[in-house]
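Everything below concerns the one structure shown next.
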There are 2 protein chains.
Amino acid sequence: MPRELIRTDPDFDRQFEALLNQKRDEAHSVRDVVDGILSDVARRGDAAVLEYTARFDRLDISAGDLRIDAAEIAQARAKCDRETLDALALAAKRIKAFHAHQKPQDHSYIDDAGVRLGVRWSAIDAAGLYVPGGMASYPSSVLMNALPAKVAGVERLVMVVPTPDGVINPLVLAAADLAGVDELYRIGGAQAVAALAYGTESLAPVDKIVGPGNAYVAEAKRQVFGRVGIDTIAGPSEILVVADGDNDPAWIAADLLSQAEHDAVAQSILITDDAAFASAVADEIEQQLMSLDRRDIASASWRDYGAMIVLDDLMQAPALVDRLAPEHLELAVADPDVLFARIRHAGAVFLGRYTPEAVGDYVAGPNHVLPTSRAARFSSGLSVLDFMKRTTFIGCDGDSLTRIGPAAVRLARAEGLGAHAQSVSIRLDRGAGGEDSRKQDHQ
Amino acid sequence: MPRELIRTDPDFDRQFEALLNQKRDEAHSVRDVVDGILSDVARRGDAAVLEYTARFDRLDISAGDLRIDAAEIAQARAKCDRETLDALALAAKRIKAFHAHQKPQDHSYIDDAGVRLGVRWSAIDAAGLYVPGGMASYPSSVLMNALPAKVAGVERLVMVVPTPDGVINPLVLAAADLAGVDELYRIGGAQAVAALAYGTESLAPVDKIVGPGNAYVAEAKRQVFGRVGIDTIAGPSEILVVADGDNDPAWIAADLLSQAEHDAVAQSILITDDAAFASAVADEIEQQLMSLDRRDIASASWRDYGAMIVLDDLMQAPALVDRLAPEHLELAVADPDVLFARIRHAGAVFLGRYTPEAVGDYVAGPNHVLPTSRAARFSSGLSVLDFMKRTTFIGCDGDSLTRIGPAAVRLARAEGLGAHAQSVSIRLDRGAGGEDSRKQDHQ
């Protein structure tokens with residue numbers, strides 16, 4: 001049984017604090033291992049990648065086989081059943097449509113000092129997408145990571161996916177094809193991250209790396225950060241369901257289990273104002289676990305990290321939600337907007353009784369790559385903005401420089417930066433009102 | 001003399017490649033030192049912070065003195081001269097005005113399947129701003145880091161600044177005051193980053209840490225990334241000036257020196273189509289260096305990292321600019337927009353002959369915290385978005401779930417996630433068309 005916290009217990013605050021501080025990441029000492037792999041790939045390129053692939057994925061290939069070609073992708077597609085491909089296509093269409101709204105607008109204006117100011121957005125040239133192999137190789141994740149890059153306008157989208165013992169999920173290749181991935185390589189682990197960051201003979205380097213992976217992949221991304229961009233480092237998944245007693249306990253039990261089945265360190269938390277409902281959900285979970293394929297994982301997660309929090313009033317929930325800053329938040333109440341308006345920190349919110357979190361995992365449209373481990377306090381789910389960057393621009397003419405330049409000179413001198421001051425003052429001495437300058441800057 | 005690259009040299013490509021790959025970050029082995037400081041502060045709080053402050057800043061204080069109070073700030077303001085304070089106020093006003101344009105819009109809509117979808121932006125609760133002490137303690141940086149946070153709506157903005165031997169730049173305190181910083185502490189180094197990330201008895205933890213610092217600060221930010229958000233890790237500063245022969249060599253020389261004077265590892269590069277102009281600029285630089293206060297720094301930077309690239313035609317410049325992806329790009333030509341339209345990667349662009357980069361450092365309005373070391377390929381300057389995060393939301397009713405749910409069930413089953421499938425299908429069995437669901441989701 002998972003822990004149960006009752007608001008009216010005198011010990012409630014301490015217990016809630018313990019829940020907040022519970023560690024779910026196992027402590028790995030992977031730093032040095034990853035460091036070694038990264039520098040080896042940076043130095044020896046393909047040769048190193050091939051050696052690690054042989055060692056970790058038990059896959060003995062030559063450099064010519066690193067890339068997965070069009071014929072192999074077509075073959076994989078042919079192996080997938082029609083209805084699943086149709087479902088994948090619907091998901092892709094809806095994800096694209098939602099993300100298209102995220103494309104930022106350029107803007108520019110001339111302010112009252114006569115200075116032309118603005119921002120211009122552009123796509124990253126090349127992005128790398130890490131897709132885990134084996135059990136966690138999900139076609140839906142390929143769509144969720146690849147489509148925002150394509151909507152952003154990334155011209156070269158490279159995907160790496162390890163194929164332990166040569167095995168790959170054909171749906172993953174079908175999803176890559178559907179999403180418009182430009183290059184695919186059968187490599188994984190820290191060596192794949194290194195290849196993406198440094199490049200090898202077979203794989204030109206990319207500018208940013210996204211996608212989930214195990215502890216080695218996460219550490220590799222952390223270490224190459226700076227040389228390339230990375231997305232947020234993902235921790236184990238989590239769901240927080242806020243539900244009143246009018247819900248069907250079986251529905252809420254299924255929602256909690258849908259997170260628990262991901263991973264033995266996933267976390268499912270129920271907040272309710274009805275203790276009897278909480279027990280009914282707990283009973284339902286035991287029932288549903290019996291017929292679940294992934295019952296070993298789900299029951300370990302529920303037992304070790306699950307929690308049920310019983311409040312006197314659901315209006316107490318927002319404060320606790322904000323402290324947990326959950327990746328996924330379901331508001332299974334009659335009027336979810338009342339609670340939603342009071343909540344600041346959550347990756348994605350699922351409103352009302354007919355919006356199970358799983359619908360967002362696949363087909364709703366918003367991204368399912370979301371901040372975990374309380375990172376929703378400071379970060380957002382994956383979006384088109386993650387594959388674009390902003391260039392600001394400034395254009396002065398002689399007149400406008402005369403208006404704002406003296407303050408710059410003053411501040412530069414106060415900071416002891418003489419050349420800064422000089423680069424402005426040298427133009428003030430000669431530039432004010434020049435016709436030539438107007439022409440060049442404001443045409 | 002800096003290196004000179006002539007496009008028509010047979011060796012040009014190799015020399016340009018060497019310029020790209022030149023290392024300017026010194027290799028420090030700070031990782032383990034920082035690791036030790038972070039865990040010590042996490043464990044011992046204030047006591048550890050005070051010990052490191054005594055050791056590194058030669059400042060022996062007690063916990064009660066960590067915070068810089070309002071009286072001390074008022075005292076500092078009184079020490080600053082009126083004109084500099086006015087210049088700072090003008091800068092603050094213009095920075096606020098530019099950043100106000102960056103506030104993102106929430107949006108939501110109901111799509112043709114009847115699904116309610118949207119995004120809601122909110123500010124980070126608490127942000128920490130690192131301000132370097134000593135020589136690199138710049139009031140302009142305080143404004144540039146603090147104001148976007150305040151425009152975003154960050155309620156608790158904490159600033160840390162080391163005061164080696166107890167010395168602090170009064171203008172830094174005045175700038176903090178002007179920008180609306182809520183709490184100030186006289187600490188720095190990895191110990192200050194640790195205090196911001198983990199909290200101590202005197203300093204409640206923040207959610208995100210921004211601001212420049214030395215190698216120890218950068219490594220500390222890298223290590224706490226995940227627990228808190230961080231901005232991009234800043235490398236040494238750089239400028240790329242694209243200038244035709246119609247410029248005054250003295251103006252361009254001053255611009256190149258304004259970057260070189262920052263730091264001996266700063267980089268100033270000139271691209272021109274006029275070899276005689278390049279020599280004239282080089283001569284001017286030698287001239288101006290003689291009267292520059294920071295001539296030792298600037299001449300080391302120019303000698304070791306400066307470069308002049310001579311092309312046959314300035315239309316060859318955009319391709320090279322994109323490979324360098326400079327932090328600052330000046331387009332000192334008659335019609336800068338023609339070049340600007342062909343450039344994809346740059347942090348900030350300064351258009352025309354009357355826009356020296358230094359005007360952007362202080363008063364133009366756009367942020368001067370910009371991606372260095374080619375990071376403009378994948379990242380942007382600091383903005384209001386860095387202090388906000390996005391929550392997506394999804395609302396289905398029985399009808400819309402009936403439309404999109406079956407595809408989710410199909411994909412969940414294909415991924416072997418039975419509870420995911422179950423959480424949708426259990427609602428499909430009973431939910432379709434329910435009036436109650438419409439009421440709760442679409443009101």
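Using N, Cα and C of the backbone, Cβ positions are placed for all residues, glycine too.
Every protein chain shown contributes to the tally, and the Cβ of B:Glu327 (active site, proton acceptor) ends up with 29 other Cβ atoms within 10 Å. In three-state terms derived from DSSP, B:Glu327 (active site, proton acceptor) belongs to neither a helical nor a strand segment and is classed as coil. TrEMBL lists B:Glu327 (among others) with the feature active site, proton acceptor.
Note: B:His328 (active site, proton acceptor) has non-local neighbours B:Ser237, B:Glu238, B:Ile239, B:Leu240, B:Gln259, B:Ala346, B:Gly347, B:Ala348, B:Phe350, B:Glu357, B:Gly360, B:Leu370, i.e. same-chain residues 6+ apart with C-beta under 8 A of its own C-beta. Annotation comment: TrEMBL describes B:His328 (among others) as active site, proton acceptor.
Neighbour list (B:Asn214 (NAD(+) binding site), Cβ cut-off 8 Å, at least 6 residues apart, same chain): B:Pro132, B:Gly189. Marked as NAD(+) binding site by TrEMBL: B:Tyr130, B:Gln191, B:Asn214.
As annotated by TrEMBL, substrate binding site applies to B:Ser237, B:Gln259, B:His262, B:His328, B:Asp361, B:Glu415, B:His420. In this view, B:Asp361 (substrate binding site) is surrounded by 28 other Cβ atoms within 10 Å of its Cβ, with every protein chain counted.
Secondary structure from DSSP puts B:His420 (substrate binding site) in a helix. The Zn(2+) binding site annotation in TrEMBL covers B:Gln259, B:His262, B:Asp361, B:His420.
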**Item:** Interface-proximal recorded positions, chain A, C-beta separation under 8 A, candidates B:Tyr130, B:Gln191, B:Asn214, B:Ser237, B:Glu327, B:His328
**Value:** none
**Request:** Report, in whole Å, the straight Cα-to-Cα distance of B:Glu327 (active site, proton acceptor) from B:His420 (substrate binding site).
**Result:** 46
**Prompt:** What is the total of other Cβ atoms whose distance to the Cβ of B:Tyr130 (NAD(+) binding site) is within 10 Å?
**Reply:** 28
**Asked** Name the residues of the same chain, 6+ apart in sequence, whose Cβ is under 8 Å from the Cβ of B:Gln191 (NAD(+) binding site)?
**Response** B:Ile37, B:Val41, B:Ala48, B:Val49, B:Tyr52, B:Thr53, B:Phe56
**Asked** Long-range same-chain neighbours of B:Glu415 (substrate binding site), Cβ under 8 Å, sequence gap at least 6?
**Response** none
**Asked** If you count Cβ atoms within 10 Å of the Cβ of B:His420 (substrate binding site), leaving out that atom itself, what do you get?
**Response** 30
**Request:** Looking only at C-alpha atoms, tell me how far B:Glu327 (active site, proton acceptor) is from B:Tyr130 (NAD(+) binding site), rounded to the nearest Å.
**Result:** 20
